[in-house]
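Worksheet for the structure shown next.
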Amino acid sequence: MLLKAELHCHIEGAASPALVKAQARKYGADISSFIRGGAYYWQDFTTFLLAYDQAASLFRTQEDYALLAETYLKELAAGGAIYSEFFTSPDHAERAGLSPQAYTDGLAEGMVQAKAATGIESRMIVTGVRHFGPEAVEKAARFAASCEHPLVTGFGMAGDERAGHPRDFAYAFDIAREAGLGISIHAGEFGGAESVEAALDHIRPSRIGHGVRAIENPDLVRRIADEGVVLEVCPVSNVVLKVFPEFARHPFPQLVAAGCRVTLNSDDPPHFHTSLAREYAVAAEYFGLDETTLNAITSTAIEAAFVDEKTRAALFARLKPVVES
């Protein structure tokens, strides 16, 4: 089996319909408006966000989040993944009445259990929500910087790309950077190339979540390649959410050809009827990537991972026999 690594997945968005159904039974909740026939049901980006939030609302305790992380990571490992980074949202935790620390500790419990069962290594990226404003993002950054949890190794920002300008959030990222956290920011998904450029100018990330609309500006693509910024690309998500109309129009092959460092990711997998394994299969089928190139993409993900060098070396040691075989 092809070994894989993922850098871009939202943990609340990774809850399978089966797990959400079990949580609904636990809390006596009605999920018929957003899960039908054992699958998530939504029609557009607005109703997707509603379904996402309704599913997330059914995780309310430290034990619930431990179960969520353990279940997802075991599923990921079964598909060949040896490493996972996922985005966490202190804002979702607080909406559920859980402190950010208890939320993080719960997720960490699940991560430890999944590693014991499968060997999968994983880390958390704390995220602020862009459309909640700079103060909320700074609050998330302060938590990330101060929690000192060994499995929290990055800070990022998700949410509505059209809300505010990256410069408004620069201070939050400075807080995280000074604490030694890796930096990633969502840009170039629903915002155009100018969104990616502004993120590079004002946030100075080592990675960009999505970033695919950089393709609209050839000079920007060259800059991304020259600076070695890693793009966390989510092809199935991009097509399902109509960022691009079909895989044949997705710029992944052009980004690779331009020398950009790219990775493959599932974003919110059950919502988009995907998985990390499917993302790799899509790249092979629609982008013409052979096994050597797919292994190189996994290597890029490990190179860009927010881990200590001992962990990185151990991940490469697992990947090396596969690459050489």
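Using N, Cα and C of the backbone, Cβ positions are placed for all residues, glycine too.
Residues or ranges marked as active site, proton donor by Swiss-Prot: Glu189. The annotation Zn(2+) binding site is assigned in Swiss-Prot to His8, His10, His186, Asp267 on the grounds of sequence analysis. If you look up Swiss-Prot, you'll see Asp268 marked as substrate binding site. Positions annotated as site 'Important for catalytic activity' by Swiss-Prot: His210.
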Neighbourhood of His210 (site 'Important for catalytic activity') by C-beta distance under 8 A, where only residues 6 or more apart in the same chain count:
His8, His186, Ala187, Gly188, Glu189, Leu231, Glu232, Val233, Cys234, Asn238, Val243
Same-chain residues at least 6 apart in sequence whose Cβ lies under 8 Å from Asp267 (Zn(2+) binding site):
His8, Cys9, His10, Gly13, Cys234, Val236, Ser237, Thr274
Among Glu189, Asp268, the one of these recorded positions whose Cβ has the fewest neighbouring Cβ atoms within 10 Å:
Glu189
Give the residue from the binding-site residues His8, His10 that has the most other Cβ atoms within 10 Å of its Cβ, counting over every protein chain displayed.
His8
